[in-house]
Amino acid sequence: MKRDIISVYDMKDDLEDIIELSIKLKKDRTIKFSEKKILAMIFEKPSTRTRNSLEVAMEQLNGHAIYLNPNDMQIGRGETIADTARVLSRFVDIISYRAFNHDDVVELARHATVPVLNALDNLEHPMQIVADFMTVYEKKHRLKGLKLAYIGDGNNMANSLLLGSSILGVDISIACPKGFEPNKEILRQAREISLKTGNKIEITDDPRIAVEASDIIYTDVWVSMGEENERENKERIFMPYQVNEDLTENANRDYIFMHCLPAHRGLEVTAGVIDGIHSVVFDEAENRIYSEKGIIYKLLS
């Protein structure tokens, strides 16, 4: 039976196993598919890390990745997502989809007969979460009991971090302006999981409260792709949520700073923080390769 990863929630039973597999694949690059596998990558949004890491991941696994831009496909001229899913399922072994609309990813997965990966949409960014917590484990040598502070917009990254933290037993405190909180249904799912794993979940509008005694500080862009018309207003609202040297004084001395990138220095984070000794953002970016290898190998082997 085929398995999709549309949400971090889809990994609630084996996220830790996937992280362990990703670390193993990073250490041993001789592990590959015995038969060539093909990935179709549909990108409605631009990409640096996701596209290139998926291509490298497939190459290292004895596979191949095909880049598909909707403007070059019949889907851009009115062909349905359902028909696109059915056709691609005859051609390839697995599909990744970076979409503006979460419902479109769900629709593709519903009609595809091969696994579908959410490569980022307006609600979640599940593959990033595997890379993130893989990186945390490499740096901290544990996950359960750590505290992660997320500062900024309650966007797709905040949603996915909520779920990932709850599954792995990582305490999470999210600081965002009122009206920009994470998705309510995802927060409900995270709280439900936390009843089993025991992690603490906090939503606040005070970044200092969130960062207090944290092991990980995470931020993301304030203006997501497709929200460019909101830039001026959001930058004004979010400036008090900038991760800067003053704010990080409230964290543990050995905290690590994370960002899924691309970053805007001087907005959500200062250059001093993202380019400083606590930053692990480029290790985090590199681990996109190995985390995606782990996910794909898990689904196809």
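Every residue gets a Cβ built from N, Cα and C, even glycine.
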Further carbamoyl phosphate ligand in Swiss-Prot, beside SER47, THR48, ARG49, THR50, GLN74, HIS125, PRO126, MET127, GLN128, CYS260, LEU261, ARG288, within candidate set ARG29, ARG98, ARG231, ARG236: ARG98
Residue in ASN156, ASN159, ASN183, ASN287 which Swiss-Prot records at the L-ornithine site where ASP220, SER224, MET225 also bind: ASN156
Residues that sit under 8 angstroms from SER47 (carbamoyl phosphate binding site) by C-beta distance, when 6+ apart in the chain: ARG98, ALA119
List of residues, in chain order, with Cβ under 8 A from that of ARG49 (carbamoyl phosphate binding site) and at least 6 apart: CYS260, LEU261, ALA285, ARG288
HIS125 (carbamoyl phosphate binding site), number of other Cβ atoms within 10 Å: 25
Neighbours of ASN156, ASP220, SER224, MET225 excl. site residues, C-beta within 8 Å of centre, L-ornithine: LEU120, ASN122, HIS125, ASP153, ASN155, MET157, VAL221, GLU227
